[in-house]
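Single-structure report; data block below.
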Amino acid sequence: MSKEPLIIAFDTSCDDTSVAVLRGPRVLSSVVSSQIEIHAQWGGVVPDIARREHEKNIPLVYEEALKKAKVCIEDIDFVACTYGPGLAIDLEVGLKFAKDLAIKYSKPFVPVNHMEGHLLSGLLENSKGGGIVKKDMEELFPALGLLVSGKHTELIYVEDIGKYRKLGETLDDAVGEAFDKVGRMLNFGYPGGPTLTEFAKKGKKGVITFTVPMKNSNDLNFSYSGIKTAALYRTKELREIHEKDSVWVYDFCRGFLDTIVESLLIKLEKALDMYPEVRSVFVGGGVFNSEEILRRIGSFTRENGLSYVYSEKKYRGDNGGMVGLVGYFKVLRKEYLTKKKDIERVDREPRVGF
Amino acid sequence: MKIINIQNNRDQGIHEAIEVLRNGGLIVYPTETCYGLGGDVTNPVALKKIMEYKKLRGSKPISIAVSSIEMAKEYVEINEMAINLYSNYLPGPITVISKSKGVLVPPVVSIQGAVGVRYPAYPFTLELIEKFGKPITATSANMSYKATPYSIDQLIKDLPKKSLDLIDLFLDAGDLPKNQPSTVLDTTLNELSVLRQGKIRFEDALIKNKKISEIQSRSVEETIAFGKDFAKKYLSPDVPCVVALSGELGAGKTQFAKGIAQSLGVKEIVNSPTYTIINEYPYTEKNGTERILAHMDTWRLAEGELENSGLVEHLEKGDVVLIEWADKFFQEIEALCDNMNIPMFKVVIKYISLEERSIEIYE
């Protein structure tokens, strides 16, 4: 192939239906159901109806993605789709649509692990056409991956693209979940997490503190259910003393955010001690939409003399672009299916990991 | 088009702005975030002009600006969560989404019947809205996809003549500090009142059912161990059943579920299903049969979403299903179990102290 392959990628593992079109590692279009105009809401928050209606959304999002990329389905070289992890019933919708498409138009099919998408999202070429070029890419490995979202909090050892080993994960709640649930205790509404990080900007450091979870555990796992309980008790205490939440809430958010960042840094540091050969840190997942969290993990990484690999904001949450990118790397390794019966056999794997 | 410098001519600004609004015209007004585009939210002529001005907006709804919680209450349902936001953080740079009372029409209401309400922390604008007596639209005064407007001079430079002609009055307060746009908070999901209703139904059901076990747990480890004991005693590996778990945030529902999973022979780490909605764990029965444990959480599910969650499919397959926040959808879950003749255990976990919990199990 003289030209980079044209890939269409589907993701229905979460609330949103996402479809992207890529030319090699560059995204030509990336459409997410909650952002397309038929369902567009304030600031991307989608109440009730449009959430998780993949069956209704997918043909619309698919058309929109092709249109925005200014290509038609016949031009596409490969069809990529998330097969897990996620909610089984949601994954099935995307897989069926993508598999049918691949078979109907005789395109090779690339099954993709959604988490690998988050992990590699920082390798997407940015919209200005820049990004990490292949020559530099070799210098990034081995790497550590830190994935932090509403569903996941994981540390991954990345020997190379396609070669992964899970080092640690959350034993209970994910970080994004803890943020949203504590936001809920503070009566912020849904999603509370972004508000919590926003309010933290106005708070004073060290006024309200929490115990850093798993500080002394000897492994690389995380845990956030304990801090959730501690936060609940703290809100009850504070509400008994103060009439208005606004008196303490900003310092509370500051303390909570700092504790979470600290818990991530402790495990990252431990992992770097255990694997000194690591040359870079990759981050991904919706929690990195918080610029502060992104920056603080980044400073730590750079202080340790390592490269820091993260994506543009629009590819940090769930999106089709990252799925397409993984598809692209798999295409380069010739890991795709061409026979109809092999494509048909691809099944969802709701619990697939690294 | 007219510009009034409100720093010198405050009263004139308010007076003329009200005239414009009453006649279905548009104004550009200052807020603590940026310059906003205002029109009478109840006047179709004004709304039409706004849509024409913003362009390329599709059906994205336009927020409204009010001058008090009382004014907001005339147009939207203010639930407990919204009251908390209004009393603690407003006026301020937050947009609160609430259910419409049906007075307003699109584009100031979403297709789902919700309205975004701003209560700006800008005294001049609050006085203007108060004197006008009705909400005005709260959308940034730039055209869609153009830079956020912090100065009238800049805004006028950026605007094509056609758009400029749609605006009757600019209320110029000079250069505004470059604050971020408002934070958007949705108060329509997981309403406290809905949770509370579900809880009452759940507790009613408990009264009619037999309590089979009760214990005080002093630690997370004990909660897990209690989950294990429960599974050993009451769950038969070949009989489908539902374990409905109820308890506040952080009470230990997931910990109890961990115990059940360990007892059944699940090898993986069992973590919270809140965001996935259902986690599936394979395990092997003693006789070698491969089975699935489904671990579910309804916390993020909105009304009507339970049926599309995959729960029914798991019940049909005869899996053991653990459901956190089961009280939220108790009626629906109970009906499913009754229809399919599937036994349901109810587990209630309550806080005694930071570490201790009471755990009650009902048949």
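Glycine residues also receive a Cβ, built from the backbone N, Cα and C atoms like all the rest.
Binding of substrate is attributed by TrEMBL to A:LEU147, A:VAL148, A:SER149, A:GLY150, A:LYS151, A:ASP180, and the same site annotation extends, among A:GLY162, A:GLY168, A:GLY193, to A:GLY193. Site annotation for Fe cation in TrEMBL covers A:HIS114, A:HIS118, and the matching candidate from A:ASP318, A:ASP342, A:ASP347 is A:ASP318. Under the three-state DSSP scheme, A:LYS151 (substrate binding site) falls in the coil class.
Cβ neighbours within 10 Å of A:LYS151 (substrate binding site), excluding its own Cβ and spanning all shown chains: 31. The average per-residue pLDDT of the prediction over the domain 'Gcp-like' (A:27-323) is 90, rounded to a whole number.
Of the binding-site residues A:HIS114, A:HIS118, A:HIS118 has the largest number of other Cβ atoms within 10 Å of its own Cβ. Put simply, of the binding-site residues A:HIS114, A:HIS118, A:ASP318, the one whose Cα is nearest the Cα of A:ASP180 (substrate binding site) is A:ASP318. Proximity to chain B, defined as a C-beta distance under 8 Å, is registered for the following binding-site residues out of A:HIS118, A:LEU147, A:VAL148, A:LYS151, A:GLY193: A:LYS151. Binding-site extent for substrate: residues A:LEU147, A:VAL148, A:SER149, A:GLY150, A:LYS151, A:ASP180, A:GLY193, maximum pairwise Cα distance 17 Å (rounded to the nearest whole number). For A:LEU147 (substrate binding site), the same-chain residues lying six or more positions away in sequence with a CB closer than 8 A to its CB are A:MET115, A:HIS118, A:LEU119, A:THR153, A:GLU154, A:ILE156, A:VAL283, A:GLY284, A:GLY285.
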